[in-house]
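*Asks:* Before I ask anything, here is the structure I am working with.
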């Protein structure tokens, strides 16, 4: 009886430790699971609009990554720190300032609202990325036409 309880407790501990990671998700190849989505880094450089279009054309219709919590920001930072090369300084994320009805407001390319903010410095540029100098943890305004690598966030396979 005691052995059965310790095995059950051990399995419960493993389940709870993996529950926030998305370990049970069926993600496309070369993607990393986290919570309810799959993330993939592309080193190929594109401007913001082309990177967003590329993510939307992926299987499962993704978007440039939206970062909605400090925990998700840390996951993305760790993902980028493993993949980056010496000359890669920025990565596009899905945040952009939109001019709608003469009101400038920030929103994610997937339509979700900005509920978590990690903007280092606000400038007049309309697109945002992560910078190597901050360990890919802070958001920077970048010129939307500059080519940078990017991160796509897609739903898992059904």
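Residue numbers in this text run from 1 along the chain shown.
Any Cβ shown, glycine's included, is placed from N, Cα and C.
The signal peptide feature in Swiss-Prot is assigned to 1-23. According to Swiss-Prot, the feature disulfide bond maps to 27-38, 55-152, 127-144, an assignment based on sequence analysis. If you look up Swiss-Prot, you'll see 34-153 marked as domain 'C-type lectin', on the strength of sequence analysis.
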*Asks:* Hey, does DSSP put residue 144 (disulfide bond) in a helix, a strand, or just coil?
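*Replies:* In three-state terms, residue 144 (disulfide bond) counts as coil.
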*Asks:* Compare the C-alpha of residue 38 (disulfide bond) with the C-alpha of each of the disulfide-bonded residues 55, 127, 144, 152, and give the closest one.
*Replies:* 152
*Asks:* Summarise the model's confidence over the domain 'C-type lectin' (34-153) as a mean pLDDT value.
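*Replies:* When the pLDDT values over the domain 'C-type lectin' (34-153) are averaged, the result is 84.
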*Asks:* Quick one: what's DSSP say for residue 27 (disulfide bond), helix, strand or coil?
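*Replies:* DSSP call for residue 27 (disulfide bond): coil, neither helix nor strand.
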*Asks:* What are the sequence-distant neighbours of residue 152 (disulfide bond), meaning same chain, six or more residues apart, C-beta distance under 8 angstroms?
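*Replies:* Long-range Cβ contacts: 39, 40, 42, 54, 55, 58, 62, 63, 64, 65.
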*Asks:* Residue 144 (disulfide bond) to residue 27 (disulfide bond): how many Å between their Cα atoms?
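*Replies:* Approximately 29 Å lies between the Cα of residue 144 (disulfide bond) and that of residue 27 (disulfide bond).
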*Asks:* For residue 55 (disulfide bond), what is the secondary structure by DSSP, using just helix, strand and coil?
*Replies:* helix
